[in-house]
Amino acid sequence: MSWSERMATVFTLSTLFSLVFVIMNHQWIKVETEMQIYYSGLWKVCLKLVCPNLVASAPNVNGAKTLLVMALFCGFVGASFMSITYHYSATSATYRYLVPAVGSFIAAALVFLGLSIYTIRISTHGISRTSAASYQWPFYLAWTTCPFFILSGFLGLVAHQHMLMHGAVLSDRESRESETSSIWSSSSSSSLFWEEGEKDSKTQFPRV
């Protein structure tokens with residue numbers, strides 16, 4: 001496995017796990033009011049140790065959640081194809097890193113759209129005007145998954161190109177070896193034929 005294949009695998013899996021972690025985290029924003037301080041994520045609102053579900057979310061927040069889940073699905077499909085699926089088909093091995101690369105690019109676009117919608121919603125919501133709302137580290141970590149998905153996509157393309165070049169070199173080497181073996185077998189068979197002919201000529205005696 002080349003360095004590009006290793007780096008593509010590491011970046012794809014690590015970015016996917018990071019996206020899973022930040023989606024399930026409930027401390028994206030911190031809201032400070034005169035009465036209380038609470039945290040909010042995509043799915044729940046946490047007040048001290050109690051985290052009830054978000055009963056009613058805005059349509060744009062639901063859209064952001066849908067886009068992030070779709071990005072998670074694309075990353076999961078690419079990672080599973082890279083590590084599991086290609087084992088069951090010989091033709092799929094050629095696309096071992098191409099499919100994850102495409103999935104990473106799609107996931108990056110979905111993450112960018114989802115987080116943009118979420119950021120616009122929080123910035124224009126009444127919370128940001130009536131109280132002190134600040135983004136927390138899971139929110140920024142979610143944004144970092146976007147360039148990391150793009151980087152893993154480029155590394156996947158490099159690994160795919162390296163695999164194609166390596167496969168072409170191996171096929172040329174195998175073809176040369178097969179030609180050499182065929183020439184060697186034909187020459188050895190012809191030499192055996194002449195040796196048998198010489199033996200037959202020596203065993204024949206002239207008739208009187």
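Placement of Cβ uses the backbone N, Cα and C atoms for every residue, glycine included.
As annotated by TrEMBL, compositional bias 'Low complexity' applies to 181-194.
What TrEMBL lists as region 'Disordered' is 181-208.
Here TrEMBL flags 6-25 (among others) as transmembrane segment.
What TrEMBL records for 67-86 (among others) is transmembrane segment.
Sequence-distant contacts of the transmembrane segment (98-120), counting only residues of its own chain at least 6 positions beyond either end whose CB sits under 8 Å from a CB of the stretch, comprise 8, 12, 15, 19, 28, 42, 60-61, 63-68, 70-72, 74-75, 77-79, 81-82, 142-143, 145-147, 149-150, 152-157, 159-160. Summarising the annotation, TrEMBL assigns transmembrane segment to 98-120 (among others).
Annotation comment: TrEMBL describes 140-159 (among others) as transmembrane segment.
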Using Cβ atoms and a strict cutoff of less than 8 Å, what residues sit near the transmembrane segment (6-25) while being 6 or more residues removed from its termini?
41-43, 68-69, 71-72, 75-76, 78-79, 82-83, 97, 100-101, 104, 107, 111, 138-139, 141-142, 144-145, 148-149, 151-152, 155-156, 158-159
